[in-house]
Amino acid sequence: MMITAVKQPIICLTNPDILRRKSLIPTSQFAPFSRIICRKPNFSINESAHLSQSSDLWIQRPLRVAKVKGLGFTDGLVRKRKPLIKCEAFEADRSQPIEHESPKVPGEAARRVKIGIYFATWWALNVVFNIYNKKVLNAFPFPWLTSTLSLAMGSLIMLVSWAIRIAEPPETDFEFWKALFPVAVAHTIGHVAATVSMSKVAVSFTHIIKSGEPAFSVVVSRFLLGETFPAGVYMSLIPIIGGCALAAVTELNFDMVGFMGAMISNLAFVFRNIFSKKGMKGKSVSGMNYYACLSMLSLVILTPFAIAVEGPQMWATGWEKAVSQIGPSFIWWVVAQSVFYHLYNQVSYMSLDEISPLTFSVGNTMKRISVIVSSIIIFHTPVRPVNALGAAIAILGTFLYSQYANIASSVFLHSSLRQSNDGIRAKHWMEEVDLMKYGGQRG
């Protein structure tokens, strides 16, 4: 930083007092010296010799004092063997001092690569889970036990990770688990309902119906929470509802239980996200540990209901039949679907810490497309053109909904914060928009 500029042909900086009185020593980093400029057009030889002997610093070229490091004083005494004044300077004909160039850290590029890895891993794990899950349900049609095994495997993985310190265990208390309980109840219902749906209908049809979850989110927020949204949000629901309806009425292997399971899953996941946003606010638990705790509590809730609905006797009979028909590979299918269920949800929750809601919604739309297309190819699901059109309309509506919700939230918050009375309302509306965009994305 430049503190003074001197552009005189002959300049003398004298110090008759500043080295004798401590009170005149500046305390700041920069020393604002008073310039004493000696201009005597007609120096005699004796005067010039006297001036050269009495001055401490002669500057024959223009000089800019850049920084004063220190004046060398301690308790009023001059330190020995230390320079009196240390300055950093450069000539006046240089516009800028030479700066040290530190190597640039490619933060943005590394972040893009990291997001790309998250997306690729998320999509791949989700596709693999849906394939193995459908294989298991075709051979072993017991969705309650299948759902329980998925949660049990995830809980086991995280307990081992905490035990061997691969992941740092969270610090929780009774209030945390109390706030997590309603979230776990909704998560359990949504998980079981989706599994029941997949056991009755094609994977593609379940995901088409599940793409209509924004409609449930808006309805619940509007009529139960009293929230209002811009007209564009309501308009974006038309292609979602219309596309889902078209896909449902033209589904070749339509099953009411499978359809209702997907609808109940949508509603449950909406309440899961509402409870999560409201109850878990201020709880400092990472996404990975949060989902681990959610899986463990859901396992505790689900296990007694699974035993009551299906029971060990039915499980034993079905297991023997599946192993006799499929062989030992059936055991691998069960393990794979349980492991991949936990991993894809784990990556999904971890990705929320790294990407924006808009990026997440785009990735979720692409995830649904990849699951639908891959399941149709692998299981040779018959699809009518009108059925495919309904699926495309529903998914496009979901994408437009997430886009508009993100844009509208930014514009609304920007305009509302200009008025102090609307600041709290804008903040609350932003939280509800996050609920809509994240609603059921991890289901």
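Counting starts with 1 at the first residue shown.
Glycine residues also receive a Cβ, built from the backbone N, Cα and C atoms like all the rest.
Automated prediction, rather than curation, is the source of TrEMBL annotations.
According to TrEMBL, the protein has these features:
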DOMAIN    114-402  domain 'Sugar phosphate transporter'
TRANSMEM  115-132  transmembrane segment
TRANSMEM  144-164  transmembrane segment
TRANSMEM  231-250  transmembrane segment
TRANSMEM  256-275  transmembrane segment
TRANSMEM  287-306  transmembrane segment
TRANSMEM  326-344  transmembrane segment
TRANSMEM  389-413  transmembrane segment
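By number of Cβ pairs under 8 Å, the transmembrane segment (115-132) is matched best by 326-344 from the list 144-164, 231-250, 287-306, 326-344. Long-range neighbours of the transmembrane segment (326-344) within the same chain, counting only residues 6 or more positions beyond its ends whose Cβ lies under 8 Å from a Cβ of the stretch, are 122, 125-126, 128-129, 132-133, 135-136, 139-140, 146, 149-150, 152-154, 157, 295.
The average pLDDT the prediction assigns to the domain 'Sugar phosphate transporter' (114-402) is 88. Cβ atoms under 8 Å from those of the transmembrane segment (231-250) belong to residues 205, 208-209, 211-212, 214-215, 218, 259, 384, 386-387, 389-398, 400-401, 404-405, 408, 436 of the same chain, restricted to positions at least 6 beyond its ends. Note on the transmembrane segment (144-164): residues 133, 136-137, 191-192, 195, 199, 289, 291-292, 295-296, 298-299, 302-303, 305-306, 309-310, 315, 334-335, 337-339, 341-342, 345-346 of its chain, located 6 or more positions outside it, place their CB under 8 angstroms from a CB of the stretch.
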